[in-house]
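Residues annotated as topological domain 'Extracellular' in Swiss-Prot, with sequence analysis given as evidence: 1-37, 98-112, 178-202, 274-283. Taken from Swiss-Prot, the feature N-linked glycosylation site applies to 3, 13, 25. If you look up Swiss-Prot, you'll see 38-61, 73-97, 113-132, 158-177, 203-224, 249-273, 284-298 marked as transmembrane segment, on the strength of sequence analysis. The topological domain 'Cytoplasmic' feature in Swiss-Prot is assigned to 62-72, 133-157, 225-248, 299-328. For 109-188, the entry in Swiss-Prot reads disulfide bond.
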């Protein structure tokens with residue numbers, strides 16, 4: 001039986017992304033360096049705690065504050081849901097790491113793998129939708145017109161469509177996720193049919209293309225086209241005023257995109273390395289792999305800080321809701 005394990009020496013988890021720098025789908029349960037064995041669960045725990053607190057605050061504000069019910073904020077709400085879902089299951093990663101074996105059943109294995117893949121794909125998919133929305137809004141503003149059909153209900157339908165697409169994309173991972181005994185320890189792994197090497201490479205390429213290359217290319221095309229079209233336009237005074245009013249929202253979306261790329265680009269670049277080289281499994285390579293995986297996890301807890309620092313209306317509504325709750 002062929003498998004790609006989520007276990008040591010790569011990031012030890014049932015739900016994490018495929019090991020960042022793994023150059024084969026085999027795994028061993030070699031002892032980890034002591035500093036790494038301590039640092040990894042601590043980092044995961046911090047990401048979990050900060051992510052749960054921050055995303056809970058975002059969900060609370062966006063769901064409770066009437067003035068926050070905008071199209072852009074609806075997409076941000078969906079990002080927060082994906083991040084919250086991932087941080088909720090991150091303790092299972094920690095348990096798997098500390099025990100060095102999968103302590104739960106096969107159904108939970110499939111579920112956790114699927115949730116992690118939701119985290120891998122959903123962020124950039126929703127950011128692609130948000131970038132398309134910004135493209136339409138900024139262009140329409142520059143031309144002193146409204147975007148036809150841009151309503152909260154339409155945004156809800158688009159969000160559901162994105163979740164549906166992501167579900168189809170992550171389904172193969174849930175299908176291949178199984179329990180397997182490796183060196184006497186039960187592990188949550190991806191069990192591939194023969195030929196093993198082909199399926200392993202296909203899974204990495206699948207994630208690279210659908211989870212990074214296509215959405216990032218789409219986003220780059222959207223913003224490049226937008227800048228070119230705006231450069232060729234002359235804005236009247238009314239359009240300039242509207243453009244200034246929309247500038248903060250656009251900046252927030254771009255900031256979220258930048259942080260997402262910062263967190264996920266190393267992971268996807270490591271896929272290219274894994275597909276094209278055969279790295280020795282040295283302590284340094286293992287440590288880098290854990291760092292890259294932790295960086296991708298960190299994306300789930302950073303967005304709330306962007307909203308707090310860059311969105312004055314978010315801060316204001318959060319304070320008002322906290323004040324009202326305290327007064328009650």
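Glycine is no exception: its Cβ is also placed from the backbone N, Cα and C atoms.
Within the same chain, the transmembrane segment (73-97) packs against the transmembrane segment (158-177): three or more Cβ pairs sit under 8 Å, each pair at least 6 residues apart.
In this chain, the transmembrane segment (249-273) lies close to the transmembrane segment (113-132): three or more C-beta pairs between them fall below 8 angstroms, excluding pairs fewer than 6 positions apart. Applying DSSP to the topological domain 'Cytoplasmic' (62-72) sorts its residues as follows: 8 helix, 0 strand, 3 coil. Secondary structure counts, DSSP: the topological domain 'Extracellular' (178-202) has 7 helix, 13 strand, 5 coil.
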